[in-house]
Structure formats: C-alpha cells, structure tokens
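Trainee: To start, I am sharing the structure in question, which I have written as structure tokens.
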Amino acid sequence: MTTDTDLPTGSAPTPTGTSFRTTAVRHRDLAVYTALAAVVGLVAVAAPHGGDWYGAWSLLPAVTLFGFILVTHRVLEGFLWASALALFMSSRGDVFTAWVDRLYQEVSNTDNLWLLVLLLCIGGLIGVVDHLGLAASFADRVARLARGRRRSALVTLAATAALSNDSYLSSSGVGVSMTPVNRRFGIPRAYSAMLIRSTAEPLCTLNPIGSTPVLIAGLLVTAGAATAATQVSTYGHLMTYLFFPMAVVVVAVLAGLGVIPPLGAMRREMSTGTVEDVVEAEAAEPVSALTERSGRRPHWLNLVVTVGTVIVGSLVTGDVQKGFILSLLVTGIVLIVQRIATPASYLDAAVEGMKDIFSLVLLMAIAFVLVSGIADLQFAEFVIQNVSEAVPAAWLPFVVFLAFGLTEALVTLNWSLYILLVPVLITLADQMGANPLATVAALVSAGTWGITTAISSDVGLLTSSSTEVPLFRHWITNLPYQVIAFVLALAGYAVLGLVGS
C-alpha cells in the first residue's frame, strides 16, 4: 500500500485505498440515515396510527429493514431501526417507552424465552464441540469416508437428513461437525452453509415426525381440517404439495454433485474462500490448547454421543431445548471422566460458545419486537385481504406462495406465520372452494423459503454461526440457489392452478 512517505519529493499526496473506502462508507451512511429520517418524517405526516387501518403502510418496516441491510450490511442495526419504525407507526411520540415495554414483553413471553435459552444452549454446545476438539476428531474420522469434494458434500447432505427431525439440531450439529471436513477437500465455509441451510428446514418439513410437521398437524386439528386420529395421514397428503421443500432439496443435491455450478457470489467464494479455508484448515491445530494440555484427544465417538444425546433427549422429553441441556450435562460428565477436560475448562468452553452466539440471541430478541410490531400494523391481514379479493379458487395456492414468499423473504415470521394464518387460510379456502391442504402447503412452502432465504431467519443465524460464515456473506452466497428452487416451486403451483387442485 502506498503511503505519503513513499511518494517522490514534490508529489501531491493521494488518498490510500483505505481512506477512499472510509470516505465512501461515510457518504453511504449519510445517505442511508438521511433516507431513514425521510421515512420517519413521511410516517409522521401521512401514515395512519392508533387503531386505524394501515393498509400498504404495514409493509414499510419490512421494506426498510431489507433496504438498510442490503445497503449497509449491518444486520443488527437494521433490525433495531425497523422495529423502532414499526412501533413509531403505532405509538408515534411514545416510541421509546413502547419499544422498551415491547422488548420486555416479548422476552418475557414463554415461547420466545424458550428460543433464546435454546440459542444459548446451542452456543454452549458448539463451544464445547469446537474448543475441546470433538469436532476436529470427528472430522478426522469422517474425512476418511469422504475421500473427495463431491463425496464430502454428499455426506454433509446425508448428515442433515439424518438429523432432520429438527432444523435447529441439523443446522447447528452438521455445521460444526462437517464444515472442518469440507474445508479439507477445498469446500469453503459458505458452500457448506448453503448445503446445510438448503436442507435443514426443508427436510424437516418432509419428515412426518419433524418439529414443523408436528406443529402444522396440530394446527390442522385445531382448525377442523383433521382429527387427532388422522392428523399424520392428513399431513402426508399435504406433503405432496410441498413444492418448495422438494425443489430446494433437489437443488442442493445437484449442487453437491457438481451438476449445478457455483452461482453468483459463490463463484468468488470457491476461488478465494477455498484457498483461505484450506490454509486455515492446514494451519489449525487438530485439537484445542485446552485438550492438548490435558494430554488426551477426544475420540470421534464423543461427538456422536453428544449429538445422539440431543436427539434422544429431544424425543424422550418432547422438547429440543431439554435435549440440548441434557447433552451439555452428559457431554460434560463424559469428558471429565475421560480426563479430556476439567470442570473448569469445560465450563470455560461452554461459556465461550455462549459468548460467540450472544449477538444472535440479541438479534432474535429485537426480531421478536419487529414481528410483534408489524402484527400491530395488520401486516398479515393486509396481505390476505388483497390476495382473496380477485383470485380464482384453483390459483389460491399459487398466490399464497407468491405473496407470502415475497414477504417472508423480507422478514420471516417462522412458526408465527403458521400459527397466525393456517386457521385463516383453511377458512378462506373453504369459502372460495379451493383445496385447503394445497393452500396450507403453499403457506408452509413460503415459510420454508423464508427460513432458507431471509437474512432474519433463526435457522440462517444458526447456520452462519455453526459454519463461522459472516451473516451477510452467507445470505448473499446462499440466495441464488434458493431463487432457483423458488422459481421451480412457483412453476409447480402454476401447474396446479392450471389443472385445478
């Protein structure tokens, strides 16, 4: 890099590349904050508030979030501004108090608190697996089976399928265990993240005992579309219309086989990212310093026991959070008995993992405020109203997938989307004479697209963390593959509309 002292005598100093980028960032930030101020001013002057109908205004926080993150790449700040904007639209001058109260309300919510604690437990387990060498030992063993880039990618997909009963488990467990293996064969972290995220939730929705199908089946029973005795078979029928999960799994398999080449930003990752990852993999110690000091190396089965405890614990207790807590306890006891770790070093590793994931916990807490805020603006009601007014019955699944696919790409509501809309869509489909199962399947497909695509997705956050890929980098490299699957699924619902569902 050229500096002022490197210039010949008499030459005028020129800005370095760093100073030029700094100036560009300042100008960009000034433009972004000016635009934000303009949006706030527009809302203050023209937007409805209180109990009024917000209509298209309800889309503004989501659009603002997407635009801010796309321009600045600052995810947490984007959620902060978008959540504040949503509450400003409903509370106006009392926005600060409203935001703090809503944050406390959402974090105190039992379901939301459950997810935040789960994220901390996952972070703790990731820290243990990483810092105490469990992932490295497992990677050494699996590398013997992978024997090449293509087989390693397919093993990654198979591992995700094996853990498909819960997308949190598969995205975190496979990310930690298979990313080091893939790096040894020249597969960059971003590519591993794409493969895992493309299959974690989609395969969960295609697994009748997965966490998402259990929720959907329960909602079908509540809405009167199934009985307790027929809910599994009813969901099996619904699965035949899950075009996006099917499409994205096929895309991931074809990408793993090399049939689909690296696309978009992934092409750069495959050149620069591969080199960086291979260098890191070769330079990295096989186990952590903590393990090295103990003089013992974990067996590859240690990771199998850790992940297996999560699965068994989740199935026995019916709660994936309890499964992770149980795994933390069992893993700690096993490693201490094996003299691989001391109680102090084990706790240190778990706490370090929790520290690493805390930014994601904070992001999810703010995301809860945003989701609650846009619900106050009748976001979902506006979309449904505009969908139902001029849509032929046979085309309702197509329109549901397209409309909610667009909104989920901006801000994914995850299970909140299903809880809010499954009963509404079943009633709407019955009134219009449309196929209710195909309509609900289109909603689940849209929700799955949001989980695999949106930058706000909790599964995306976990995948980014477990593969150690910066969130924006993961989002931009993952996007082209999801778009291909979205187009294929949209074509499937179009055919359904043409032939009648």
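Heads up, the Cβ atoms here are built off N, Cα and C, so glycines get one too.
Annotations in TrEMBL come from automatic prediction, not curation.
Annotation comment: TrEMBL describes 30-47, 53-72, 79-100, 112-139, 214-232, 238-260, 300-318, 324-345, 357-375, 395-425, 437-459, 479-499 as transmembrane segment. Marked as domain 'Na+/H+ antiporter NhaC-like C-terminal' by TrEMBL: 207-497.
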Trainee: Does the structure show the transmembrane segment (30-47) and the transmembrane segment (112-139) touching, where I'm treating 3 or more Cβ pairs under 8 angstroms (sequence separation 6 or more) as a contact?
Mentor: no
Trainee: When you look at the transmembrane segment (437-459) alongside the transmembrane segment (238-260), do they share 3+ Cβ pairs under 8 Å, ignoring any pair fewer than 6 residues apart in sequence?
Mentor: yes
Trainee: Would you kindly list the residues that approach the transmembrane segment (112-139) from elsewhere in its chain, counting only those six or more residues past its ends and only Cβ-Cβ distances under 8 Å?
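Mentor: Those are 106, 168, 172, 176-178, 180-181, 184, 284-288, 290-291, 297-300, 302-304, 306, 310, 320-321, 324-325, 327-328, 331-332, 335, 340-341, 345-346, 348-358, 360-361, 364-365, 368, 458, 462, 465-466, in sequence order.
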Trainee: Find the member of 300-318, 324-345, 437-459 that has more C-beta pairs under 8 Å to the transmembrane segment (214-232) than any other listed stretch.
Mentor: 437-459
Trainee: Let me spell it out: take the transmembrane segment (300-318), skip the flanking residues so only those 6+ beyond its ends count, and list any with a Cβ under 8 Å from a Cβ in it.
Mentor: 125, 128-129, 134-135, 137-138, 140-142, 163, 165-166, 169, 173, 177, 324-327, 330-331, 334-335, 338, 340
Trainee: If you average pLDDT over the domain 'Na+/H+ antiporter NhaC-like C-terminal' (207-497), what do you get?
Mentor: 84
